[in-house]
Structures are given as C-alpha cells and as structure tokens.
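A short worksheet on the structure shown next.
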Amino acid sequence: MPVRLEDAEEYELPALRRGSGSNRNSHDGDFGDHVLDSDGEDDERQLRAAGEADNEQARLLAAEGKVSGELDEDDDEYVRRVRSPEDEDEMIGKGGKVEALIARSVPSTDDPSLPSLTFRVIVLGSFFCVIGAAASMMFYFKSNAPSFSSYFIILATYPLGHLMANEKFIRRGRRVLGVNLNPGPFSVKEAILVSVLASSGAMSAYAADILAILDLYYKAPLATFPSILLLLTTQCIGFGLAGMLYNLLVARPSMYWPSTLVTVQLFTTLYESSATTSTAAGRQLTTRRFQVFSVIFLATFIYQFFPFLLFPTLTSVSVLCLVNNNSWWMRTLGGAYEGLGILDFSFDWSSIGSTGPLYTPYWALGNYFGGLIGMIWVIVPIILAFNFWNARDFPSPTSPGLFNATYDRFDVTAVLNPDLSLNEEAWDSAKPLLLTPYFALTYGFAFAALSSILVHVWLWHRQEIKEALWSKAQLNDTHNKLMRTYRAVPQWWYIALLVVNFAAAVFMVLTAPLQMPVWALTLSLAIAAVFLIPIGVVAAVSNTQIGLNVMTEFVAGFLMPGKPIGNVTFKCFGYMAMSQALQLVADLKLGWYTSIPPREMFAAQIIGTVLGALTNYITLQSVLSSKRQYLDGTMTDPTGQWTGRRPQIFYSASIIWGAVSPRRFFAGKYAVLYLGFPLGAVVPIILWFAHKRWPNKKLHKVNFSIICAGAILIPEYPTNIILTGAATAVFVNGWFAKRYPTIHGQFIYVVSSALDAGTSITALAIYFLFGGVIFTWNGPNWWGNSQIDSEHCKPGS
C-alpha cells in the first residue's frame, strides 16, 4: 500500500530495513575449499541416519550434529525442553533456543545429486531479473507503484520450472553445446537459485538516483561508460567485503536470520512433499503446510482487494478522527498519515506485516515497538503539549519536510548559484532552516543507533566475532557438516572482486565529474567495512538492519562541503557496499539452510546483479527520454503517475547535505542532536554493567540500537502500523506461542509467507489491472473510499 508522506520531497529519510521473508539479506562465508575429512564417510552415514529417523527426537538432535542412538546424558533433557517449550526462555516466540527453532523450520538432510545451477536456472532467473529490473526502474519514477515482489518470482517459477522439466517439451538429458537442457525433475535447489539470481537484479539500483538527478535537475548527464561503471561498481563492490563474514554470519547457527527461515519454509512447502529424502512424517507435515499456505494465500489475495481498492478505510481506522475530525488535537493524535496513530487500527496486512510481527524474535519486537511507542505516543505528545520548538506551528508533527521561518516549505533551490555552489547571501536571507521537533530528534536517535550498535556488539559479541574470524576449528552442527560436501568460495574470489571493482571505481571518480576524490571513495568503503560486522550481527539475530545513509552523507557533508554530487556518490558507495555485502550473506545463509553449493550461489548473485544493473541503465535512459517533460517539472502528467517524487527527494537531499552541509544544517538549537553519538555509546555500557549486577533481569535482551531504530521509523511508515502490529506480535509470539507451541513452531513461517505473498501479488494485480496499465479505476466512491481522505481525518471526509 503506498505510504503518504506529506512534504517528503524535501528530505531523504534515514534508512532502516525490516527484513521480510521475501527479501534477501546478507551473510558471511568461510574461505577455502570444504572437503570431507578423514571421518567423512562416517559423517555421511550419520547424516543419512539422521535424515531417515521418523521421530521428532532424531530430527531435533540432527540440529545438534547428532543422530538417532547417539544420546548423551544431556540429550533427554534437551529434547524434553524443545518438545515442551513452556519455559519462556526455551520458547520460540520469546527468543528461545535457536537450535530448536532451526530444527523445526529447516530440513536436516541433503541430496547432493539434485540439480542446482542449471540451464533452467539461467533462463528463468535471467528472465525474471530483466523483467524485475525494468519494472522496478519504471516504478521508481511513478507514484503509487508497487514493488516487484520476490514472492511473485517464487510462485511463478513453480509452474514454469516444472514445465521446462516436462519431457514433452525438452527430452530428458538433451544437450546443446554440451549443456544439459533437461537434467530431470525441477528441484528445490534450482528454484532457490532462480529466486536469488532474479532478486539480485530485480530492483532499482541506488546509483540510478545519481544518474537521474544529474540528468533531470543538474542538467549534466553522465556519459554511458561512466554511468554503467557507477551502477556496476556500487552494486558489486560490497560482495568483495562479504568474504570476511562467512564464519561469523553464515556458518554459526546462532546467526540465524529470522526472515530467511520464512523463505526456507516457503520453498520446502512448495517442493519438499515430493522429495525422496523426506520421511513419511516429514511429507505429511509438508502437505499440511502446503494446505495451510494455499488457503491463507488465496484468502489474503481476495481480502486485500478491500483495503487496497474497494474499502481503503480498512488500512487506517482512526477512532479519534471518527469521533471528531474537526478537532486539531483529535486529528493530530489519531491520524495515521499526518498524526500519531493513537487508537488507530489497521486491517491491511501490508501495514500490519511491515514490521515482521510473525517471525521477528519476540525480544527484538519488544525493543523495536518500545522505541516506536515511546517516541510517538509518549515523547511527541509531550512535545506538542509544551509546544517545544514551536511544534504546533508545523503542518504535521511528523512531517519530514524542510521549513522556513514562517513554517512554509523551504525552497532549497533558491540558495544555490548557477554552478550549484551555495549562495551565501541567499542563504543568510533564507535561514533558518527548520525541522519538526520529531524529525529533528530522529537524527539524534539515528546518530545514537550507529554509536550504540558498535558498543553493543563489542560488549556482547566480541568473543564470538574473534573466534569466527581467527579460529580454524570447524563447527559440527548438521548444516555445517552437510555443506562440507561442496566446495566453498575461495577467499581470493572475494579479494579479486573487491580489487577489480575498487580499481574501476577509482578510474571512474578520476575521469567522471562526480566531485569525489579517491580518498573520499576509500573512506566511504572504510565506513562500510567498520559497520559491516556490527550491523550484520544485529540483523542476523533481530531482523533489524540499520542503514548507513545518514552516517555517510553526514561525513561527506563535513569533509566535502559544497559538493552535492560528491555527497550522494560518497553515500551511495558507503551505503551500498554494506547493504550488498549483507544481501550476499543472507543469500549464503539461505543456501546454508538448503545445502546450495556456495560457488553456485555466488555465481547466481553476480550474474543477477550485473544483468540487473545493465537493465536498469537501459530502462532509465528510455524513461528519461520519453517522460522527461513530466519528470523535470516542465509539464504535468495528466494521469498523475509520472511525478518523479523519489528522484526529487534524492535531489533535495543532495542539496541539503552537499551544498548547504551539516555545519549549517545542524547549527543553533539543532546542535544538541550531536549528543546522540555519546548517548548511544554510553547506554549499552550501562546496560552491560546492570546485567552483570542483576543477571536475572534479562537486561541482555535490551538492545538500545534497536530501540533507536524503532524511534525513527516514522514517517518512513505511517503510524497505523503501531497498534495493530504490536497487538499482533504480542498475540502470536506471546500468548499463542506459549499456549500452542507445537502449532506455532510448525506453521508460523508458512502463515507469514502466505500473508506476505498474497498481499504482494494482490498489489501487483491491482496495479496492472486498475492502475492505468490496462484500466484506470480508483474503486467505488463511498464512505469507505472517500475521495477526500480515506481515514476520515480531514474535515468533510
């Protein structure tokens, strides 16, 4: 569902990623080839025995690297606790044993004979990659366009893969130029690699923003060769950093990437029921999961037509606005799109599920919603009540806009010279530049989140990181044993990829007018490398990934004032290097769970990323040439679709952080926001010492960086996600998980994937059917679909 952000074109929001079962994250990898050791045959026999065991006990022990009959004195107690998780600390919903969670969710066997990176994978993956990259690039310039969902790729691959395996079309074993076109039945490993290859490129590359604003607003389009280099290097250079992370973020079961488990269960639900390695009990459970998935997916697909099209009021039911929308206080406190969302209910899964309430660990949800509710429902009302920093004079208390002294929109272009440098005289007459008090505080909390995550990970995970990076000992859980069957990606592959992309990036910044010296390029990658492990560790255990866009544009603004293009280029390299590294790591974790050969996973990601970047460039040039007059503001698109809202946001951010610079931006009363840095560093230390003093208070589950992440979530999302999202998390992962632990453990990820998949497919269907592609229809005009305001917070709606 499109999010309405009033005046958001003035500013780019701090990046924060909540994992989704459909999205891919990042992980780390071991170096050198994995080979069977001297006991390899015994390991294989043990794994087969574990896979053939029909009882729950053997399956759970397999997650510990044991097999049926290999019980030691602690195993009976372990199995009892896993099978009867009434103990809160052992309960899945409340952050209990990761081993039990993995054992219930992930297959503990592997069939190395299954085809993986095949001709079918290249064809289907490339097809969906090109379609997705082109669609995402076009959607980037359009208003109210959906995202290209990886759930669509997963579901569409199922029939197409089986069709390509049908001997009526391609004879089994047929070869062309030595390539086997049909190696047999379409396997789950092929399906996973299709999804990875396609999803790696089926996006709008972050660097495309730079190319768009250079062409549309700065009237200085970049030439073809440096444009392609910019896209390729920013998308691929992070993969070179991912090599150091395998032992820490992939091979360790404790780094389990919650959203990846959702994807694993979706694939096993679709494909495992026919697998010869499945036990009878396993096939029965998979069949039940498939039935549950089918029913919930279909029901969700049908239901979401109501909040998306027929009854949009369901997306945000504001009780206070329905009581009295003539009152400013009622609108401000109760509205979701321009208010605080108090007593605002949502019956739209695109809103409810945006925080991952079904699969995010319970302790992480507590931190996240604690920060969100504390900020929006406690701190902001107090700010409004006392009119702190004239909070009530702004159009909306959570607006991300930039305002002048009269609280009108700040004209950022009015303070620039023709050469894009800052006009000091115009700036002196236009300042001060004002933010809403809430949005100003989000920067303080963003600073705190970054310093907090460094200190928190050092305090709680430094020994684990040290062992992962320096220890040569092998991990002997089931999945690490299974992965020894396959050759790992050599470390020199990662190093070579990093060196080649860095050299290409150096050549580009030296020859292209990007206002970025080589030392700045090096610094941006150094920032990504420093934050890569802390952010990766927190993301791997909590489903919360904090972005580096604020840090990178902040540093660039201080070190390169007056260079707007240099600022966004610095931000792009720093942000994307970390993001792409973690994306590769997440895919490697998916491959670790499902026993995909690491080299084939690596190859699929590189192919998809390169193909997607090239498709992005071709599509970008096509859109700019055909829709330029609408996108640069020369003309208004009569359909209201080609608005170019997102490149406008990026353009404004380049001016504020690059031309104006943080020295002027965070001056005066906003200088206090710098205190976020020391605050974020001190709080984890206090919590660490408090935990040592009171070890039974569970203070180790308090993560201040996640609290800060929740506090800055709005206005990236409307506030209708708070009440129903928090209630769903408490009900499902609290009450239901404790009362029905077996049902919860067996079906929660399937339910989550069905809800997410049904919602995303409905959004795509409505867009193509009624969004102007085939027809244009905004739904029936009635109270539940008010043309004035669907949540009825504006007077007269």
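Just so you know, glycine gets a Cβ as well, placed from its N, Cα and C.
As the structure is a computational prediction, the values presented were derived from the model and not from experiment.
Features of the protein shown, as given by TrEMBL:
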COMPBIAS  25-37  compositional bias 'Basic and acidic residues'
REGION    1-45  region 'Disordered'
TRANSMEM  147-165  transmembrane segment
TRANSMEM  186-208  transmembrane segment
TRANSMEM  228-249  transmembrane segment
TRANSMEM  292-310  transmembrane segment
TRANSMEM  368-389  transmembrane segment
TRANSMEM  438-460  transmembrane segment
TRANSMEM  492-511  transmembrane segment
TRANSMEM  518-541  transmembrane segment
TRANSMEM  602-620  transmembrane segment
TRANSMEM  671-690  transmembrane segment
TRANSMEM  702-735  transmembrane segment
TRANSMEM  747-777  transmembrane segment
Touch test for the transmembrane segment (702-735) and the transmembrane segment (228-249), at least 3 Cβ pairs under 8 Å: no
Proximity of the transmembrane segment (292-310) to the transmembrane segment (747-777), 3+ C-beta pairs under 8 angstroms: yes
Remote residues contacting the transmembrane segment (671-690) - C-beta distance under 8 A, at least 6 residues beyond either end: 440-441, 443-456, 459-460, 697, 699, 702, 704-705, 708
Considering the transmembrane segment (518-541), which listed stretch of 186-208, 438-460, 747-777 counts the most C-beta pairs under 8 Å: 438-460
Intrachain residues whose Cβ lies under 8 Å of the transmembrane segment (492-511), provided they are six or more past its termini: 29, 31, 226, 229-230, 232-234, 236-237, 239-244, 517-518, 520-521, 525, 569, 573, 602, 606
Contact set, same chain, for the transmembrane segment (228-249): CB under 8 Å, 6 or more residues outside the stretch: 26-31, 205-208, 210-211, 222, 255, 464-465, 468-469, 471, 488-489, 491, 493-499, 501-502, 504-505, 507-508, 512, 514, 525, 528-529, 532-533, 536-537, 540, 569, 572-573, 576-585, 588-589, 605-606, 609-610, 612-614, 616-617
